[in-house]
Amino acid sequence: MSVLTVHTSSKVYNVTVKSGVLSQIGSYIAPLRPSAILIVTDDQVADLYLDTVKSSLHNLAPLHAVVLPNGEETKSFDNYYALQTAALEYGLDRKSMIIALGGGVIGDLAGFVAATYMRGIAYVQVPTTLLAHDSSVGGKVAINHPLGKNMIGAFHQPEAVLYDPQVFATLPEREWRSGFAEVVKHGLIKDAAFYAWLQKYINDFSRIQGEIAEELLLRSIQVKANIVAADEKEKGERALLNLGHTLGHAIEAELGYGKITHGEAVVIGIIFAMKLSEKVYHQSLPIQDLEKWLKFLGYETRIPKGLDTGALIGTMKKDKKVERGVIRFVLLEEVGHAVIKEVDEQLIRELLNVEIEEETT
């Protein structure tokens, strides 16, 4: 078992990484003494883990569960409203707790419900995907709007994050790719040694188990925890965590949510941001080396066919980092050192045109 403590201005809490913790959740929740518990999960996770979690919480407090469809489309206003209604109908009060049992979609949605129900109640993140190692830490919770991803949300830190690496045994290949993108991102922005470690040890997702899984999770989460501790509300440094997300979110929105996983889109965004970095800083980055490794792991690294430069730029202008209509990118000066920088729209347009043209020829 490993425990990492996250320090923020609003809350201090632990991230516990422990095999078998799903069947022991009750022992972590009991000291918090919730008046009632609402588990929010999706249909795929429910089939695998809901009964285990329920058994662990048995007799702790009145227990309820809502099972939603799996997929990015679930992170909608309709489901947010339905969960608020369920919480009211179940009689949750301000001492009640929500448990987010699932991946990033469930964590974001359930966390936003917790942030706003009766002006805020406690919640615990129980991630069941690799992607959620990133989204479960830091307190950013949100739902999507048809005009943009994560546009309606809040900052609301969990009481705890309980992570059972045994869940990796049930992850499909695409979920591995979605989650590993955020791991790579953490190395690129702040920890060159971790990035080198990943390239050395992860040549197949089946390697992510046992001690390697635990080290990967802890080192990746530590990067995020350090940034969140310094900038909880994303006034500055925390925006570095958006490497690859400016274009990545635009690709997700333009293709339609669910057509490409978040991590698959972020990888394309990372490669684009690194190419943009080379043009801005006039120095080379190990892009070919990164692309070769990512392709070996099954990623597509080019902008999907059918997307239009103008539409992508229009969507990027809705990005939360935009200031006074100017697109701001997270760029790399070198591996392990990221910066936030305003980028001339014409330069973005020219590089997008080149990338899209190369993909169609």
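Cβ from N, Cα, C; glycine included.
What Swiss-Prot lists as NAD(+) binding site is Gly104, Val105, Ile106, Gly107, Asp108, Thr128, Thr129, Lys140, Lys149, and the listing cites sequence analysis. Its own atom aside, the Cβ of Lys149 (NAD(+) binding site) has 24 Cβ atoms within 10 angstroms in the protein chains shown.
For Glu182, His245, His262, the entry in Swiss-Prot reads Zn(2+) binding site, with the evidence type sequence analysis. When Cβ atoms from all protein chains are considered, those within 10 Å of His245 (Zn(2+) binding site) total 26, not counting its own.
Here Thr129 (NAD(+) binding site) comes close to Gly102, Gly103, Gly104, Val167, Leu171, Glu175, Ser178, Gly179: these same-chain residues lie at least six apart in sequence, with C-beta atoms under 8 angstroms from its C-beta. The two recorded residues, Asp108 (NAD(+) binding site) and His245 (Zn(2+) binding site), have Cα atoms 16 Å apart. For Glu182 (Zn(2+) binding site) paired with Lys149 (NAD(+) binding site), the C-alpha to C-alpha distance reads 17 Å. Following the DSSP three-state reduction, the secondary structure of Thr129 (NAD(+) binding site) is coil.
In sequence order, Glu72, Gly104, Leu131, Ser178, Ala181, Gly248, Glu252 are the residues near His262 (Zn(2+) binding site), counting only same-chain partners six or more apart with C-beta under 8 A.
For the recorded site, Lys149 (NAD(+) binding site), the DSSP three-state label reads strand.
Less than 8 angstroms from the CB of Ile106 (NAD(+) binding site) sit Val40, Thr41, Asp42, Val45, Leu68, Thr74, Ala100, each of them six or more residues away in the same chain.
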